[in-house]
Every structure is written in structure tokens, then in C-alpha cells.
Amino acid sequence: MPAILNSSLFILHHHHPLFSTAVLSLRRHYHHLNISLFSPSRTTTLRAYSTSSSSLSIQSSANPNVRTGRSGSVTSPPIEHDTSQKIDVNPPKGTRDFPPEDMRLRNWLFHHFREVSRQFGFEEVDFPVLESEALYIRKAGEEIRDQLYCFEDRGNRRVALRPELTPSLARLVIQKGKSVSLPLKWFAIGQCWRYERMTRGRRREHYQWNMDIIGVSDVTAEAELISSIITFFKRIGLTTSDVGFKVSSRKVLQEVLRCYSVPENMFGRVCIIIDKIGKIPMDDIRKDLQSADMSEVAIEELLQVLSLKSLEKLEEKLGASGEALSDLKQLFSLAERYGYSEWLQFDASIVRGLAYYTGIVFEGFDREGKLRAICGGGRYDRLLSTFGGDDLPACGFGFGDAVIVELLKERGLLPELGLQVENIVCSLDQELQGAASAVATILREKGQSVDLVLENKPLKWVFKRAARINTRRLILVGKAEWQKGMVSVKTLSTGEQLEIKLDELE
């Protein structure tokens, strides 16, 4: 009986809100019989979708256990779980906890992100983690569209956890309009979500550092952004022997496709296919290109161009007059002046997978080839118009936190980041706990960090804790010293111990 009811009742419940009261009653009935009315395997795999506008409505007063959204749509109460069973203490698949030691590493990484951004004159911005789903629905076939964590909220709005930061940036730029002066130099560090296959350095959530320049059409903007990433690499100990940049332009691909009369509306699809080179077999690349209405001759010519690794060869193939070659030559010339030309190499196969790129594109890569792209970016001059705004020249990059940590592990460059507290304060008598609190307050008001021992602990325990938190000084509050308005201060690195007056405590 339960197996027969399970799927049919779920469909009725989902499409006919008026039926929910009866379903709830049945659920309670089968719960008492220790029978599950809705199997978890069915309910957890369902995607959110819009119900028919012709569905019957029902007032929440009809049943106190049925809640309504802001629009009056009926939502079921939370499913009751057996509280006697232990909860799974692991985070959801593809996500992470950040215990103190991992949080210290994250803070260290973010500190360098922020310091580099500050050095380059950028201002920090942030956006909601939850955005309108429409912000990410761009051209059909784009991979990111199938990786969204999306659902309908209780106001019947389609929303999604942001998979990247650039569309949110574009939305904010449109919102601000002419109230901000150009160029904009903004950076952000935010958590992003994608339901994708997990590999080394790829999770279903990650933090991403973005730097974007809005309002500069010249390649000087791309050169500045690449310089900022190289500055970051140098700060954390990476050199040109560890990492490099592959650089190309979407205009290279455009020029080839134009020669073979490939429809302009197929450009985005071809970019997505080309971005898979090196990730799937070449035979599959050819088949996908054929499905994009490309002739065999055009496919062979395109693949030949994409195999080029020098600007000289590109010029031989496309001629010297094209925009793509002009932009790339200017970028490599600027790299010479910045002093980072040895970090760059031309690779025509780099197109980036997102549909909005329009010109120069680049990827940071691990020279040993063990990891996926470290970072990537490029020019996106026509993004704002896809959201109803006026287009502005723009470029930027995204830099995730996962791959760079894997690379630093590979190179033995992860910093040792133990907890560091300047002082540990301990009372030698339970009656002096208040006095110890007063000492801690004095030091904290002077900007020092203090670990106050909150219980009556033996000195052996206090010394062990002091070693664990790498504290510089141990401050003991004893009766004799306190009566004289003093405390005992022990410098743990030297073993020197002095009695110091409270008003002289620094």
C-alpha cells in the first residue's frame, strides 16, 4: 500500500495545494505505523519548479500545520526526522568546514588578495550570495546553466546561489548608473556555488577573488590585471618556473569563423566546445563542432589555428591587419614594460568557457600540468546589455581559493600559521579571578591579545596551554603581588620573570 501511494500522492500534493491537508493526515497515519509515505530517495532528487498558475489556492487557517508563502502559495511543513538517530556530522558533499587551522589559512590567503587589490588602487565590493536565477541564464548550452543551485522561494521567485561574481558586478554597475565615475576599479572576495563533478582543486563551493576594471577600452586594463595576479604570486613565493599565463583573444576565433561563413549566433557554442580541448578526446571535439554547423574544411582550419603558439605564426595565418593580432601585440609589448613578459605565452586554444568574453582572454596555469587552471579572465565589453543596461568596456578575472592551495602544497609553500596570543593571564587563587579579569581588560584596551584562564587550573596546565597558543608572556595574579598593586610577568622565551605595577603594564 505505501509503495503505491508514494509517487501518486506526491504528484497530487505538489500540483493540487488543496490536497495537502489530506496528505498530511495520511503522513501522520503512516508515521505511527512506522511506514514512510514519501521515500527520501524520491523527495531529495526533485528539482524546484513553478507550479501552474491555475492551481487552487487555500488559506493557511484551513490547517494550522500548512504554511503559505507571501503570495499565498501553500508550502508543506518540515518533514519530521527521527531525533533518536545520529545526524551526519560531515558537511554536504563538495562543501567544507573551516576549523581554526583552516580558517587561519583562509584569512592568510584573503589578506594577500586584499593587500594586492589595495596596492593597485581597487575598492572592495560585495553582493548577495542569493541572486535572481535570470542573472545566470544566458546563452543555451552554457555549462554553468546546468550547474546552478536554483529553486523557487516562498514568494514564487526563481533564485540561485551565485556560481560566479561577474554577473552580480554587472547588475550593481547598471544599478549605480551615472552616479559613479569611470573607470571603476572594484574587487570582491565571495563564496560561489556550482553543482559540478568534483576533482582535485574543484568543489561545489569555493571562494573567489575578482578584480574588474569598468570603463577602459584599451588593452592597458588587461595588462594591469595580469600584473596584479603576478604581484600576488610573488607575494606568496611562486615564480615563473611554477606558474605562467596562456593568453589569446576571442577575436582570433571570430576571424576564422567569419572566413568560413559560420553563423554569428553559433559563436558562443563554438567557444564552449573549444574550451573543452584537453579535457575531452579530440574526436569528440570534432563531432561537437560538426553539430555546430561547421564544415570539415572549417573544422580543420580552426583546429590548425588553435594549435598555434606564437604571434608570428598567427600573423602568417590571419594577416597583420586584424584586431586580434593588434590587441595581442600591444599586450605583449606592455608585458615587456611591466617586466613580466616571461610569465606570458600565446596559446590560440584559450577561449574561456563563459559566453560573455569578447576580446583578450587569459588563464593562469601550473607549469607541471598537474592542476586545472589557477585563475582566468578577459574582456567582456557586451555584458551589461544582456541585462538591459548600456554596454561599457570592461575586463576582469576570477581567482579561486582551492587550486592555489593545492599548488602551494605541491611546492611546499604553505605557511605554518599557528595560533598566536600575546598574553595568557591566570589567577593563582580562585578569589582573584575578578582581579585577573581586570588585568586582561587593561591589556586588551591597550590593543593586546589576551587568553584569560577562566577556571582554577594548575600551573602545569597553564604552561602547556601557553605553549599551544604560542603566547609571549604569562601574567600571574597572586595574593601577595596583588596587595601591592602588582602582577608577576614571565617572558616565556627567556624565562625572565618580573613584578610589574598595574599602571606600568604594557
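Placed from the backbone N, Cα and C atoms, the Cβ positions cover glycine too.
Where the annotation comes from TrEMBL, it is an automatic prediction and has not been curated.
What TrEMBL lists as region 'Disordered' is 54-99.
Annotation source TrEMBL lists compositional bias 'Polar residues' at 63-76.
The domain 'Aminoacyl-transfer RNA synthetases class-II family profile' annotation in TrEMBL covers 94-415.
Around Arg352 (L-histidine binding site), the C-beta neighbours below 8 angstroms that are at least 6 residues distant in the chain are Arg250, Cys271, Asp275, Val361, Glu363, Gly376, Gly377, Gly378. The L-histidine binding site annotation in TrEMBL covers Glu164, Leu165, Thr166, Arg194, Gln208, Asp212, Arg352, Tyr356, Tyr357.
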Count of other CB atoms lying within 10 Å of the CB belonging to Glu164 (L-histidine binding site) = 18
Query = Using a Cβ-Cβ cut-off under 8 angstroms and a sequence gap of six or more, which residues of the chain neighbour Tyr357 (L-histidine binding site)?
reply = Arg250, Cys271, Val351, Gly378, Arg379, Tyr380
